[in-house]
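The annotation disulfide bond is assigned in Swiss-Prot to CYS32-CYS74, CYS42-CYS58, CYS59-CYS102, CYS72-CYS127 on the grounds of similarity to another entry. Swiss-Prot lists ASN78 with the feature N-linked glycosylation site, giving sequence analysis as the kind of evidence. Per Swiss-Prot, signal peptide is recorded for 1-27.
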Amino acid sequence: MAPSKSTAAAGVLLVLLVAAAGGGAEAAATTCVASLLELSPCLPFFKDKAATAAPEGCCAGLSSIVKGEAVCLCHIVNHTLERAIGVDIPVDRAFALLRDVCRLSPPADIISTCANEKGGVPPLYSCPAPSA
């Protein structure tokens with residue numbers, strides 16, 4: 001049986017996390033991949049457009065991002081994450097999940113922060129420098 005698209009996307013997130021960690025602690029700390037890995041449980045919600053309940057662990061992961069590195073939500077707003085993992089993540093659905101399903105409040109200025117290229121958004125991941 002072939003893996004589901006959600007499983008494959010979670011695998012891609014895991015690969016990105018490992019790649020960031022391979023760049024050393026500094027690389028992992030300056031990227032959003034570790035934070036966004038917390039979204040893995042939410043992938044079925046994005047895949048099933050009729051879903052009204054968050055999968056187990058999804059809201060806890062979102063809460064961790066909102067409280068820790070909310071600026072990493074810009075990778076959803078700017079569609080960087082969906083291009084990286086190949087799963088459609090509509091911004092309106094993501095914020096409905098945050099507010100209506102998980103009862104979380106993203107920072108009020110998150111959209112303008114994301115639109116401002118100088119907003120200090122860490123990259124999704126970074127590639128380690130080649131060894132000499």
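Glycine too: its Cβ is placed from the backbone N, Cα and C atoms.
What Swiss-Prot annotates, mapped onto the structure for a quick look.
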residue : record                      : DSSP class
CYS32   : disulfide bond              : coil
CYS42   : disulfide bond              : helix
CYS58   : disulfide bond              : helix
CYS72   : disulfide bond              : helix
ASN78   : N-linked glycosylation site : coil
CYS102  : disulfide bond              : coil
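ASN78 (N-linked glycosylation site) has a Cβ environment of 16 other Cβ atoms inside 10 Å.
When the Cα of CYS32 (disulfide bond) is compared against those of the disulfide-bonded residues CYS58, CYS59, CYS72, the shortest separation belongs to CYS72. CYS58 (disulfide bond) has CYS102 nearby among the recorded positions CYS72, CYS74, ASN78, CYS102, counting only those with a Cα within 10 angstroms of its own Cα.
For CYS102 (disulfide bond), the number of other Cβ atoms no farther than 10 Å from its own Cβ, over all displayed protein chains, is 18. In this structure, of the disulfide-bonded residues CYS32, CYS58, CYS59, CYS72, CYS74, the smallest number of CB atoms within 10 A of the CB marks CYS59.
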